[in-house]
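A.B. asks: I grabbed these lines from Swiss-Prot:
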type	residues	note
DOMAIN	1-92	domain 'Core-binding (CB)'
DOMAIN	113-300	domain 'Tyr recombinase'
ACT_SITE	153	active site
ACT_SITE	177	active site
ACT_SITE	252	active site
ACT_SITE	255	active site
ACT_SITE	278	active site
ACT_SITE	287	active site, O-(3'-phospho-DNA)-tyrosine intermediate
């Protein structure tokens, strides 16, 4: 990898505290741009500082144009542009380049993203399935209950350790994006589901003794290793198929449903922002749009004037 990209990655890790997932996206986007420069602008394979110095805004615009022609989604293009902005801003601040070519490139408008959500009835269909009573069935129930009860991200769920659970207070310590910690409440059904799982989980009885030296993952696979995000998605997919719900449902759908149902019940945006671990309130505001859309749908179905009645 190019040395300056490596430096930028270290900066994002140590000084900006960005998550591994975000840094991986940055590196992927920057390496894609690097390959584009090599193939289309005869920039040397081993990019040096001088080569980055020669990148101008026309090259960046041509790269974005190539993405548009390949019909890459606008939201993905916007993310790639954000990666380039962060990288060239870093190079400019560190005086690796004299001019920042991204200052002349405007950000494209993206479609307003409104997340998919499940209704409360659909959530109950999923959570009331007959889960197996072995340790893995108990684990799977605990995972689904915890997702809907707390609204955490899949990366946060897989990162939970046994010592992060405070059953007496009904709280979990969560390590979120940018390695930031927050405390999240969970409801009684989720708390009980996790405790039933832990009672059958191998080695869980002695986990308290191991806390000081080595964190004990809460959710584990058959080899007692920490469950991966991909495995969690597969587990959810299995139960969605069993439920008969004809929808694409991911772990993030449960997070969106959690937030939207709180909004529907009258929770304020600031509280939802804190629960979800959003840095910006504008990120949380998309749930307002979901709630308004749902409200309008109910109005259209129920109000006589909406149906053209007299």
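Glycine residues also receive a Cβ, built from the backbone N, Cα and C atoms like all the rest.
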A.B. asks: Would you find the one among the active-site residues 153, 177, 252, 278 whose Cβ has the most company, meaning other Cβ atoms within 10 Å?
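C.D. replies: Counting Cβ neighbours within 10 Å, the top one is 153.
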A.B. asks: Rounded to a whole angstrom, what is the C-alpha distance between residue 153 (active site) and residue 278 (active site)?
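C.D. replies: Here the two Cα atoms are 11 Å apart.
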A.B. asks: I need the nearest neighbour of residue 177 (active site) among the active-site residues 252, 255, 278, using C-alpha distances.
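C.D. replies: That would be 278, nearest by Cα distance.
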A.B. asks: Work out how many Å separate residue 252 (active site) and residue 278 (active site) at their Cα atoms, rounded off.
C.D. replies: 14
A.B. asks: Helix, strand, coil: count each for the residues of the domain 'Core-binding (CB)' (1-92), based on DSSP.
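C.D. replies: Counting residues by DSSP class gives 70 helix, 0 strand, 22 coil.
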A.B. asks: Rounded to the nearest Å, what's the C-alpha distance separating residue 278 (active site) and residue 255 (active site)? Just drop the number here, would you?
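C.D. replies: So the alpha carbons of residue 278 (active site) and residue 255 (active site) sit roughly 12 Å from each other.
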A.B. asks: Give the number of CB atoms, excluding that of residue 255 (active site) itself, located within 10 Å of its CB.
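C.D. replies: Result for residue 255 (active site): 22 neighbouring Cβ atoms inside 10 Å.
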